[in-house]
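Data block below; observations after.
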Amino acid sequence: MNAAETAQFLIAAAQLWLGAGAVIAIAFLLFGLDRVEPNARGGYVFRVLIAPGLVLLWPIVLWRWRLAASGREAWRNRHTPQRKAIGRLGFGLAACIAAILLTALMVRPDGSTPPPPEKLSLADIRGWS
Amino acid sequence: MSVRYIPVQWNRNKWFYDGVLLAAAILYIALFLYVAPPLADHARPVDAPIWRARAFGTCAYLMLTVILLIGPLARLDSRFLPLLYNRRHFGVLTFFIAIGHALFVLDWYFAFSRTPMLEALLSSNTAFGHVVGFPFEALGILALLVMAVMAFTSHDFWLSFLGPKLWKRLHLLVYAGYLAATGHLAFGAWLDQATVGLTLLLFGGAGAVAVLHVLAAVKERRMTSTASPDDDWVPVCPPMEIPDKRGRIVVLSPDERVAVFRNGDTLAAVANACAHQNGPLGEGKIVGGCITCPWHGFGYRMEDGRSPPPFTEMIPTYRLRLTDGMLFIHGKANPPGTYQEPVRLMEGGMT
């Protein structure tokens with residue numbers, strides 16, 4: 001598969017993904033939202049704002065829709081943030097930033113600027129052509 | 001808080017915040033477009049469409065940098081907490097400016113051939129095995145995708161639907177997005193033309209993000225007291241060590257933190273995670289008799305972890321006891337909203 005074919009495949013896959021997402025988003029907005037989210041009842045304009053997320057993240061939407069409808073989610077899950085993981089992420093972020101900047105510095109050309117433009121006379125231009 | 005959803009919950013503070021934000025972004029882009037070109041290196045002239053793309057691109061990167069600076073700054077110094085208050089609007093505006101950058105790029109670099117623009121973008125550079133000439137465009141697409149996910153899930157509905165834990169995990173993708181944006185800038189525009197401004201933005205901005213995140217992580221490790229959960233009851237501290245109307249964070253397990261608060265002679269313990277965005281309640285204070293989250297001001301009653309009506313948020317509570325001048329907490333959480341009799345101090349700090 002060459003570069004053009006890969007690009008076409010990626011675009012087709014993205015279109016398929018978004019198409020499936022659009023179908024699920026419409027179904028959720030029509031049949032799921034009011035059941036799983038009491039605060040949504042009577043509110044309609046905000047649905048326009050959440051629609052792009054429903055389209056983009058449709059597998060998560062399906063999973064959460066099913067979980068919310070079944071009422072099987074453990075309450076503890078909503079109250080135990082992974083603070084320790086966030087701390088580790090902070091160190092990881094710093095290390096990755098350092099790696100990117102160092103790599104960029106190492107591969108950067110020597111920084112010499114190209115020679116300044118030379119002012120040509122009309123005769124030079126005619127001679128060249 | 002949990003009342004019927006509306007498109008955007010604006011109030012006076014948020015109007016001010018958003019107004020300043022928008023004005024700053026417009027000012028930056030205007031300066032970039034109208035003040036910077038005459039000062040640029042004329043040995044390598046840059047076309048106007050490229051200036052526009054760079055104005056929007058650097059603006060989005062600067063905004064993303066500031067967004068990532070706000071979190072650790074607020075943890076290091078509470079005076080920065082007001083900046084955290086409306087960070088989601090900041091993120092959404094950043095996404096739209098990044099979209100502007102992407103459209104300008106597509107409309108200039110990929111608009112003049114028979115190949116469709118997106119196809120040309122994805123197929124023009126595939127040298128993934130090289131450092132020099134690495135397809136930085138792919139990094140830009142990744143950063144834009146992360147920003148899209150974050151902007152599209154910024155409404156309060158998503159917090160409730162996904163739960164704060166999953167929502168937070170999703171929004172931690174901002175780290176991946178920032179790294180991608182940093183790589184996009186470093187291996188793209190900066191390698192091509194390392195101007196003073198671009199170098200400052202890249203190395204100063206990303207460097208500040210790295211340093212502040214490390215400092216905040218170190219501070220957080222120091223300020224939490226770790227309890228051994230071997231016993232049902234684990235020691236916290238003498239009650240008067242907790243400042244009045246403030247909290248002390250106790251780590252029960254790697255992922256379970258409790259905030260123990262003192263309000264005069266009354267002590268109570270609740271989960272450290274706010275029901276809104278899992279903000280660190282233990283770093284907040286008691287306002288109007290309620291434990292108040294330092295991030296967005298969500299409030300909870302000490303005795304039952306419930307937000308006062310008409311709001312409906314609830315957080316778990318914990319049992320406390322005072323023995324020989326030492327405060328102990330029971331390691332098992334009560335379900336959210338459970339009433340728990342607070343511990344009351346007698347005169348002199350003892351029950």
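Just so it is clear, glycine is given a Cβ too, placed from its N, Cα and C backbone atoms.
Where the annotation comes from TrEMBL, it is an automatic prediction and has not been curated.
Per TrEMBL, these features apply:
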TRANSMEM  B:15-35  transmembrane segment
TRANSMEM  B:55-78  transmembrane segment
TRANSMEM  B:90-111  transmembrane segment
TRANSMEM  B:131-152  transmembrane segment
TRANSMEM  B:172-191  transmembrane segment
TRANSMEM  B:197-218  transmembrane segment
DOMAIN    B:233-329  domain 'Rieske'
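Against the transmembrane segment (B:172-191), stretch B:131-152 shows more Cβ pairs under 8 Å than any other of B:15-35, B:55-78, B:90-111, B:131-152, B:197-218. The stretches the transmembrane segment (B:197-218) and the transmembrane segment (B:90-111) do not meet in space: the count of Cβ pairs below 8 angstroms, excluding pairs fewer than 6 apart in sequence, stays at fewer than three. Sequence-distant neighbours of the transmembrane segment (B:90-111) (same chain, 6+ residues past either end, Cβ-Cβ under 8 Å): 18, 21-22, 25, 47, 49-50, 52-53, 56-57, 59-60, 63-64, 66-67, 70, 117-118, 120-121, 124, 140, 143-144, 147-148, 150-151, 154, 174. The average pLDDT the prediction assigns to the domain 'Rieske' (B:233-329) is 88.
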